[in-house]
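The Zn(2+) binding site annotation in Swiss-Prot covers 671, 673, 686. Annotation comment: Swiss-Prot describes 56-240 as domain 'Alphavirus-like MT'. For 773-919, the entry in Swiss-Prot reads domain 'Macro'. Marked as domain '(+)RNA virus helicase ATP-binding' by Swiss-Prot: 932-1080. Residues or ranges marked as domain '(+)RNA virus helicase C-terminal' in Swiss-Prot: 1081-1214. According to Swiss-Prot, the feature domain 'RdRp catalytic' maps to 1452-1563. Per Swiss-Prot, region 'Y-domain' is recorded for 241-439. Among the features that Swiss-Prot reports, region 'Putative protease' is placed at 442-509. The region 'Zinc-binding' feature in Swiss-Prot is assigned to 510-691. Annotation comment: Swiss-Prot describes 958-1202 as region 'NTPase/helicase', evidence class similarity to another entry.
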C-alpha cells in the first residue's frame, strides 16, 4: 500500500496558505466599498450579483434604491475611467460637479421626475448653470451643456458616456446620433432584464419584481422605497438581441461589463460590422417555467385578475435542476406527482448546518409551486416516454442490424462510408419534435440564449440611393450635380467638426482670432462697490478699499493668466489656470473654472467675463444676483501710503477669520489682490512678494495664521506660542510686537500694566485684603516653574486669570460671582477677543480666560474636563487657575488636579482652597507609596510564621503585616556613593542591616544597628533607616516599613536581591517594587576602569577616584578574597562570599571565580557587580574557568589595542563643539501647532502619494552570480506587518521587511552580484584626491582613541563582553552578521519598490571593531586636520559653520551627485585605495593585510542563511563612514572639474559642491567604466544634502518635507519608549528651526515644488507632535510576496 498521499508536506501547505492569503489580501485591497445601509437580504443579493468582486460594507448613508445605485456606481466608474474627456448623455444633476472631464452634456427639458431631480441638484459650480436653465427654461449659459437631447445635439466629441439614458432610443437612432456628433465610441449602461423577452405578466426573482404589461416594463428591486424603472419593452428587446447596426452608419455593439442584468455596452462605429454572437445571461440564477393556465388564456370572467398572473415563473436554477434530477432518476413504480410535490417542498426550505448552507431554499407563491409541479411532472413524463420509446426502438434496430447477412454488411462497408461530417448517432432519427408542441418543453433557460441580430440604420437609404443615381445621370448628361444642395453636418477638421477635442483631424483648422490682454491696468477700489456689496463686506473694510488703488500687470499665455498686483509697497502674484484650487476658510473646496477662449471664469456663486476694449479691459461681474461692468484703464496707479495698505490688509484678515468662525461650510478666503484686482474675488496661486520675504508678514494673508488681531494688545497676548516667558519673581515679560507692520508703521502701544494701582475703568481692586500683603501660601513648586498655592487667585501676578465659568459665560455663583464683582466688564461677550472650544478670552478690563468645566452633577465627562484646561493654553504669558469644576459642579478634586497637571504650561499657578489643600498635603507629588495588598500581606505573614519557628527568627513571633499604604524615602546610588555615611545619628533611631558585618560597621560609628529578625523588637514607632534594603527578606522589610514612624531606605537596586535560602517560593512573590526618590551617581570608591565595566548597569556613574586601572588578571592573590559560593569559601581560608561583602569597602581584593559558580554568575550579574565594586586601589581576578569573561569582564580590548601597535598618549578629542541656536529671531513662534491629519493629507496631495495597499513587497529573488549561498530548510515568512503610525500614507520607499525570503533576496540581489574588477594603479586617483585630502603623514593610534571607542560602546549599551582575544582560528573573532534593513528612504516618487531587493546592515565582530576602530579614528582626525577650509567632512563640523559657508557663496550653483548601488559597485580598486591610505598613515602591515583579507573574501551570516562572497562593501563595518566618504571624495575629485569652487561637503555617498560651473574630467571615463560606477549629477540653484536644503546665499536649512515624510514611515510602537524617542527627535529638529522657520517655508517649498502653505502646515504639525499631542493609528497591512525561486550557480 502506498502511503505517500498521506504524508504531510509543510512547505506545500504553507505555500498554498500564503497564496490563498495573498489572494484574499489582493481581493480586499481591490474590493468594492458598499456605503448604504442594507438589509440582510439586500446584502445577499449584492454579494451574488457582484461575484467574483469582493465587497467591503461600510454603511454610512441611506439610499432609496441601494442595490441599483451600487451597481450603477461600479459601472459608472468603469465607463468614466475608459472614456476620458467625453460627451455625456442624460447626466444625473448630482454628478455634474464631480466630473470635470466631461466636455458637453446633453439633456432633455425636464418633465415629471426629472423636475424633482433638478430641484435637488447642487446650487454651486457647473451644476448651478444647468439647474438654472432647466428650471427656468433659459438658454444654456455656455457650450458645456444643452437641452436638445442626444438626437438633436451636434456637439462634436469622439467618445461618449450614457448611464441608463438610452432606454428610449432604438439602436438605429443611436447610430444616427453618434454620426451627428462625430462619435466613434459610446459607453452606455443599460438595464436589460431577461423577463422582457417573455409574455406579459408579473415576474418575481430573488433580486427584483418586474411587471410586464406588453408595452412597458416596471422593475422594482428588493427593499426599494421609491418608484422603480419604467422602460419600453420593444426597445429593451431590441437592445438585448442586437449586436450590430448596418446601413449608412454601421455600429458594433459589444457587452464589455455585466452585473446581473445591468450591462455596459461599448458601441463602436465600424465600417463593416462582423457577426458577434453573444450569450447575455450566462450567470442567470433563474429558470422561467411556463404556466399552462395563465393570462394568455381565459380562466375566468374577470380579465383584470389575469394581469397579475404570469405565463412564466422565475424558479431558481438549483431548485429546477435538483427537481428534474430527482424525477428523472426515480424508479418507474415510485414515480408519481405526490412524490415530486413532497421533494419540492423539502428543497424549498432553507437548511443551515453551522456555517454551511446545506439547502438554499426558495420562497415561492402558490401559483409558482403549481406551475413548477405541473411543468416538471409533464416534462418528466415526456422524458420517460422518450426513454421507453428509445430503448424499444433501439433494441429493434439492434436486432435488425445483427440479423443482417453478409451481402448487406458488404454493401454497408463498400457504399456507406463515414466522412468528416459524420457524427455518431446521427444515423438514428427516431423522433422529431415541433417547437409548438407541448413536448418541446415547459421552461426557458436564459443561460442558453444566444443572440446575433442586426438592425438597419433608420436613414433614408433608398431615397439617397435614387438621388445618387439621378446625380450620376445628370453628370452623364453633362449637367452640374445637385449634391451640393445637401446640408452638411457640422464636423471637425476636414469634416468640419466644431470641437477641437475631436481627435482624428488631418487638416489644420483655421486659427481663431486671439484676445491678448497683456499689459498694466489701474484698479480703483471705488469702481468695485457692487462686487463688495455682493460679497457682503463690512463697511469699514469697503471704506478702506475705496481709498486704495492698485496696478495690475497681466501676462497672458496659452490658457494662463499671470497677474502681478502692486498695492502700495506690497506686491502679490496670482496665476489663473483652469482647475486652480481657490483658498477657502472652511471644509468646502472650490476650483476655478477658467476658459481663456471664452474669456470667462467662475467658481461657486461668482462668475465673470472680460474683453479688451478701447478704454482698457472691460470686466463683467455676476455675483449673487448682482451684475456690474467695470472698465479698467491702462497705466500705473499712484502709490498708496504703506500705513493705509497695512491697515487694509489687517482689516481684511480679521474679516476672513470672523467669517471662518461664524460659517459652518466656510466661504472664499479673500486676499488683498482678490479685492483690488482685475478679476475679483479670485486670487488663485496667491503669493506675496517682498524684498525681505522672511520677515513673517506674508503669513498674515493666508488662512494658516491663527491669531485674531483687533488691537496690538491682542497680538501680544494671544497666540499659539508654546514656551512661556521666564518667570523670576515678578510677572513674566510678554511679547507685544506688531502683527502687521512695516518700516513706516508706528510701534504699537505696550501691554498695559494690570498689576499696579492704576487700572482701567470697570476694574475693581484685585487684592482680597486692604493692606495689600499677599496671604497666599506656597505648597509645591514643579521642575518647570509651575507653583501651587493655597489662597486667593486674585493675589496672583500672572498675566491671565482663569475663571470657572458656565457654558453661556453669564455671571454665576462661587468663584464666577467673585470675578463678576471685581471685573463686571469681563462678561461682555461683545468684547471677547477669541474663543477656543468653550473657553472665551477677554482683555477687558484685564486678561481673563473664562473656562468651562463639565457639570458632574449631570454626567461624568473626563474628556470635557481635560478640554477645559487645554482650551486655556492658547495664550502667551502665564495663567493662574482655580480647580475647575471642583465647586458647584462637584468635580472630584483629584480629577481636576490631575487634569491641570497634564495641561498646564511652565510658570503657571494653581490656587487651592483649604479643603483642597488638605487633600494635596496627603497626596503630595514626589512621595512614593507602597501598597500592601491583602495577598501580599497574607504571603508575608506566612513567611513570618515560618521564620518564627527557627532559632534566628524567634523575635518575629506574633508579628503581623497588615494591608495598607506605606510611605517611604528611598535613596539609591551607585556602589561607594556614600549613602550610608550621609546618615546622621540625630536623624535616626534604629538602623536595620542584612548582615552581621554591616551591623558591626554601623555600631562602630555609634548607631543602634540590628539584623532584620532582631530589629522586630525595636522598630515599632521609631525612625528607621534600612541599609541595603533590596537585599533584605521582603516580609521583614514590609514589617519594619509598616511599624516605623518614618522609614528611609538605602541601597542599590542593581545589586544582589534577597535570596530564598529555604526555597519556600515566598520571597519572589512578596518582593515589593521600590521606587527610588533620589539617585546618587558619583562614587568615591570605584576606580575608572571599574566604572566603565559597570556602566551598562549604571549609565550615569562618575568617580572621584584618581586610579585609572585597578583590574589585573593572573597575578598572585592580594588583600581580601571574594568568592561566590560556600564551597569556594571553605576551599579558600580567609575569604568571604560576595553576598557577605555587600556594603563593605576594601583597599585591595582578589576575586576567585570557581567552576561551581557558573550558574550563579550567569543568572545574576549583580554578584559580579558587587565583587568588582568592593576595592579602592587594586583588584586581582583569578578566572580560570572563564566565568567573568562570559559576562563581559575581560581585558581583551586593552590587549588587542596594544597588539595592533597602539600607544599611550593624547590626541585632540573627536567631539565637535556644538551649541543650541539662541532665540535671536524666534520666527518659529509665529507657527502655531496645526492638525496632524490635515498636514499629512496635504503632503500626500502635493506629492501624489496614496495609502499603500501593502506594507512591503518581497521581490523575486534574482540569480546568484558569484559566491555560495546556504539556505535554510524552512522559508517561513510573516504575511502582515503591524505598525503604530501617524498616518496611513507613507512617503518613504517600502521594501521587504525582516524575514527569510527578504533576507535571501537581499543577500543574492545586492551582495551575490558579480563584481566588476578594475586592475589599475592608484597614483592618479590619489593625486586627484589630494585636492581635498593632502598626503597624510604618520598617524599613531593612542589611548585617547581607545577611550573614545569604549565610550561609544558604552553609549550603545555594550559592555565589551563580545570582545575576544585575537585568535583568527575562532569564527567568533571574524564573524560578519547580516541584518535585513527596512528601507525608509524618503522619496517623492513611487513608495512601493516593486522588483527591487532590500538593503542590508552588517555588523563585524566586536573584536575586529575594537582592533581597527582606534586606528580608523586616528586616521579620521588626521584627515580633518588637513582638510581645506571650504571642505566639510561627514558631520565633523557645527551646523552653523556649514550654513555660514553656504550663505557666503551667494552667486554659486549647487552640484549634487547621487550614487546608485554605492556599496555594491565597490571592488578591488576601492579596497586597494583604502589600503594605500592605511600604509601612507603608517598602520602595521599585518593589520593592513588582515583588513584586505577580510574585505576581499567574506561570509555574511544571517540568522538562518549565509553567503560566501567577494569584494562587496558592507555598510556596517568599522570605518564605514570614513572609507565611504574617502571613496566618494576620490570619485568626485577624479571625475569632475569645478570652476570657482567655494564649498564642498561629503558624507558617505552624499556630496554637494558649490561652484559656478563644472565639467567631466578627461580621465573620468576609464574609472567610471572600469568600476561600473553609476553617477547621477544634478546642477541647480538649490540642492539637497544629508537632510538639509543647501541654498546659496541663505545657508543650510533643515529639510522639513523630508523629515516629515520620514516620520510617516516610523513605527511609534509597540512601547511608549519608542514614541518618546521619536518625540524628542522632533523637538531637536524644531530647535534647529527656531530662527529660520520662515526661510524654510520659502526655500523648501521651491526645491520640492510644493506650496509654501504645505511647509507651514508641516511645521505646525511637528510642533503638535513635539508637544506630545500626536494621534496614532494601528494598522495591519499585508505583504505582497512575489518570490518564486532562488537560482544559483556553482563557482
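From the backbone N, Cα and C atoms, a Cβ is placed for every residue, glycine too.
Owing to the predicted nature of the structure, the values given are computational and were not obtained by experimental measurement.
Tallying C-beta pairs under 8 angstroms between the domain 'RdRp catalytic' (1452-1563) and each of 56-240, 932-1080, 1081-1214 places 1081-1214 first.
Local packing around the binding-site residues 671, 686 was summarised as the count of other Cβ atoms within 10 Å of each Cβ; on this measure the leading residue is 671. Residue 673 (Zn(2+) binding site): 30 other CB atoms within 10 A of its CB, across all protein chains. DSSP assigns residue 671 (Zn(2+) binding site) to coil, not to a helix or a strand. Residue counts for the domain '(+)RNA virus helicase C-terminal' (1081-1214) under DSSP, helix first, then strand, then coil, are 41 helix, 29 strand, 64 coil. Break the domain 'Macro' (773-919) down by DSSP state and the numbers are 44 helix, 36 strand, 67 coil.
Taking the domain '(+)RNA virus helicase ATP-binding' (932-1080) as a whole, pLDDT averages 85 in the prediction. Annotation note: residue 686 (Zn(2+) binding site) sits in a coil segment as assigned by DSSP.
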